[in-house]
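**Q** The structure follows.
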2 protein chains.
Amino acid sequence: MSQHRHPGAPGRAGAVPALPDLPEATVARLPEYLRALHNLADAGHETVSSEGLAGAAGVNSAKLRKDLSHLGSYGTRGVGYDVALLIDQIEFVLGLTQRRAVALVGVGNLGHALAGYDGFASRGFRIAALFDADASRVGEMINGLVVRHIDELPRVAAEEAISIGVIATPAPAAQAVAEQLVAVGVTSILNFAPCVLSVPDGVDVRKVDLAIELQILSFHEHRKASLTALPAAGGSALTALPGGLATPDTQEAIGT
Amino acid sequence: MSQHRHPGAPGRAGAVPALPDLPEATVARLPEYLRALHNLADAGHETVSSEGLAGAAGVNSAKLRKDLSHLGSYGTRGVGYDVALLIDQIEFVLGLTQRRAVALVGVGNLGHALAGYDGFASRGFRIAALFDADASRVGEMINGLVVRHIDELPRVAAEEAISIGVIATPAPAAQAVAEQLVAVGVTSILNFAPCVLSVPDGVDVRKVDLAIELQILSFHEHRKASLTALPAAGGSALTALPGGLATPDTQEAIGT
DNA sequence: CGCGATTTGTGCACGTCTTCACAAGCGCCT
DNA sequence: AGGCGCTTGTGAAGACGTGCACAAATCGCG
Ligand SMILES: NC(=O)c1ccc[n+]([C@@H]2O[C@H](COP(=O)([O-])OP(=O)(O)OC[C@H]3O[C@@H](n4cnc5c(N)ncnc54)[C@H](O)[C@@H]3O)[C@@H](O)[C@H]2O)c1
Ligand SMILES: NC(=O)c1ccc[n+]([C@@H]2O[C@H](COP(=O)([O-])OP(=O)(O)OC[C@H]3O[C@@H](n4cnc5c(N)ncnc54)[C@H](O)[C@@H]3O)[C@@H](O)[C@H]2O)c1
């Protein structure tokens, strides 16, 4: 894999760039840096220090430097990073230099919101097609796009060079939709349905599950509540269960 | 090791040992297990093996066992886990035995979808109030709830015992909204706006950023493409850096 | 031209997470 | 009752991620 290929410029059409294979944690943070960088650029900054960028992105500055070091050295000691250059570099690494075409399947409640969201366009993506299985929705126009029947997926996928599929159907339909997407060559899927998708190797799936996020928050709420309500065993109506709550050593903030 | 303590779980005979402080990674997976368990329960299963549950939740079985072991021993060797018991146990740990009240701020495109989503209710939450700053939206009914003006937050928060705040406003408004939420005692926030929130210690923030998810997928697409397209390397119009960009030729050896 | 102020890049130590492998426990069957 | 097969719970090892602390690099200035 690591071909020790010539480490030179990724740019300049012709040479296929040897992409450094970044730690997954780093990849997950790059978009955050990118957003912060765009804000800085809009605000007129030409350079930014690791400290400054880290602050804007909400991370530790050492972590940021290490992350950026993985894409090569683009900072100047004593000065910082060139904002515009870093934007280009990160966008290249993330594969955003082309405007990726996204297909959205399931134009219901959530799908409508997604289809109407302009945060896609401004961050490197283009919603290329909307699909639904419900005949009564087919033909509807949303944000300049017409809703097509899912059966048209193969044809449209070929036309539009779909790069990423977004699933916003009910959970029971998600697996079938995923298979349809994979069948037309989609190898990246963002899944909003609360279910596990099984896909062939080589296909990436990321999921967004709102309820999971809330439940994680709920856990921390529960824990915070049980810490403060500790002395009076289950006094308030907050915690349903009493419980021999032997709190271990935590240093979590108990502010306010 | 862990001794059973109170046999007074919600409804069933679940025992609740001390509230352990779980590894964050485990907490993030518990909701996944919970969903899988509910599916199993609906399908009539009374017990499930770690292998079976792990499959349904899309994780490694050893990891699942270790995760569950953190909440005490609730499996039976040679048999597996009692589905109903495990559901109760996880719901307790996640603090879902009470129906947490959620306040949604920003009833726009996305907010409408969230307000109409029944996946909240079925997974332990209750949307208790909707808020917006736009006077023309105030008064609108969505799914049986009236949209209130954000200024009413303090009063409503007191009435409804808001446990979690959800921010679905544009990014520029998010920080202010977060502060308003914190001011009325909310210590858990789910943020959909693409920006970093700064909050006091003790307040948990989770963010959901759709564009970030897409960009992560894009990275992997890019990577996959550069691997397979390696031999050709012709001037395919696909992967060229934007013209204006001076070649970032400053990159030096990476794998020193 | 050299010096001090500044900031990057990274070696290192530490903590967290994952995975394997297997002993111990449990139920069932004979 | 005893043995057998199945499954859990966990020790240990390794992979991965984080953050400190500091040398090296660069700039601005006198
Ligand atoms: N609404 C939300 O805020 C929200 C939040 C988080 C997760 N989700 C999840 O997102 C998904 C969609 O939610 P929703 O509220 O939009 O549901 P919805 O029922 O409003 O919309 C689902 C749409 O998918 C279409 N569909 C069904 N089967 C299909 C198929 N095989 N191919 C193509 N289209 C198909 C339906 O016709 C419908 O238009 C659900 O899985 C839901 O759990 C929704
Ligand atoms: N629509 C999507 O699919 C989507 C997807 C991902 C992220 N987001 C993000 O979610 C947020 C909302 O997106 P949207 O498409 O619903 O935007 P929107 O403009 O449709 O809705 C925003 C709503 O927030 C209200 N608002 C503004 N300032 C407020 C304040 N101070 N207090 C209370 N309410 C306020 C506005 O009146 C409006 O109703 C944005 O930050 C967006 O980037 C949206």
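Glycine residues also receive a Cβ, built from the backbone N, Cα and C atoms like all the rest.
This is the feature table in TrEMBL:
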DNA_BIND  B:32-71  DNA-binding region
DOMAIN    B:95-196  domain 'CoA-binding'
BINDING   B:G106, B:V107, B:G108, B:N109, B:L110, B:G111  NAD(+) binding site
**Q** Select the most exposed residue of B:G106, B:G108, where exposure means the fewest other Cβ atoms within 10 Å, treating these as the binding-site residues.
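**A** Comparing Cβ neighbour counts within 10 Å for the binding-site residues B:G106, B:G108 gives B:G108.
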**Q** How many of the residues that make up the DNA-binding region (B:32-71) does DSSP mark as helix, as strand and as coil?
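**A** Counting residues by DSSP class gives 28 helix, 2 strand, 10 coil.
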**Q** Limited to the domain 'CoA-binding' (B:95-196), I'd like the whole-number average of pLDDT.
**A** 97
**Q** With every protein chain in view, how many other Cβ atoms are within 10 Å of the Cβ of B:N109 (NAD(+) binding site)?
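**A** Neighbour count, Cβ to Cβ under the 10 Å cut-off: 15.
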**Q** Need the DSSP three-state call for B:V107 (NAD(+) binding site) to compare against my parser.
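**A** Reduced to three states, the DSSP call for B:V107 (NAD(+) binding site) is coil.
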